[in-house]
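Reading through the structure tokens given below for one structure.
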Amino acid sequence: MSIWIDLLIIGVSIGALYGMLALSVSLIYASLDIIHFAQGEIFTLGAFLGWVLFTRGVPMIPTILLASFATALVAIIIQKCIYNPILNMGGGFSIRGLTFVVAGFGMSAILQNAYWLIWGAVSKSYDANFGDPVQLGSVSVQPVYLVVIVVALIVMALLHLMFKKTKIGLAMKAVSYNKPISALMGVNTRFIVSFAFGLAAFLSSVSGILSAQIIFVRYNMSATMLLKAFSAAVIGGLGNVYGAMLGGLIVGVVETFGSHFIGSAYKDVISFVIMILMLMLRPGGLFSTKTKQKA
């Protein structure tokens, strides 16, 4: 029985990391109706900045906040200086974001090579040492997994409050439903898109820093993580933040149990099988967003 509880906790923790990265994918999709393929490199940037701060003596909580705010700032600069001109020239919305997608791939390659030049190809690690294993009945759990779960719960609670109680959250919901009409109603859509990019980068950075407590930090560390996050976002319903987290939990739990009972060699295959099955059975995901009304 203890092995089941242990696997469940690990699966939920890993799924929460996938979910936070999937949240960032869904936030940008909800704002622009476009997939951002460089989001994985934003995740990696957060992990590297966290490593820089933590290895210089900054405590973990300030490290997470400072690195994530810095990552958000970089993402907003990229959005304003590179992506906005592409969209303003008609290269984005008119062809369903194909030009934006290509630019995202290009930015991904640029950032990945920049990380390689700055921090090298050698894997790095930094263990925050959250304490001794926690005893839950007969199960001994590494505290890092519990920390990830708690952080994910806090993130979801704050997002829920933002979308339900704040003007900016309501504006983001309006933009995700109908961007042109929102602009006509007085919503500053440019600001909302930039805010969504910044918030998505912040969440990606948090996921990256916490992931670095479990895996090594490397310039190309996001490749598999981003694919898992895409799977989670698709399973939950692209553009739906609650669905993104649920999709991440599903992928993490099924992947953990599957790799234990079937074999770790199939670990990366499992999430993509789930995604394909979901696309076949429910193309819009578990929580498909409302059909957008185009002006």
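Any Cβ shown, glycine's included, is placed from N, Cα and C.
For reference, TrEMBL has these:
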{"type": "TRANSMEM", "residues": "7-28", "note": "transmembrane segment"}
{"type": "TRANSMEM", "residues": "61-78", "note": "transmembrane segment"}
{"type": "TRANSMEM", "residues": "98-122", "note": "transmembrane segment"}
{"type": "TRANSMEM", "residues": "143-163", "note": "transmembrane segment"}
{"type": "TRANSMEM", "residues": "191-217", "note": "transmembrane segment"}
{"type": "TRANSMEM", "residues": "229-254", "note": "transmembrane segment"}
{"type": "TRANSMEM", "residues": "269-287", "note": "transmembrane segment"}
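For the transmembrane segment (61-78), the partner stretch with the most Cβ pairs below 8 Å, chosen from 7-28, 143-163, 191-217, 229-254, is 191-217. Remote same-chain partners of the transmembrane segment (191-217), defined as residues 6 or more beyond its termini with a Cβ less than 8 Å from a stretch Cβ, comprise 14, 17, 20-21, 23-25, 27-28, 30-32, 36, 39, 42-51, 63-64, 67-69, 71-76, 78-80, 123-128, 130, 144, 147-148, 151, 155, 168, 171-172, 175, 182, 225.
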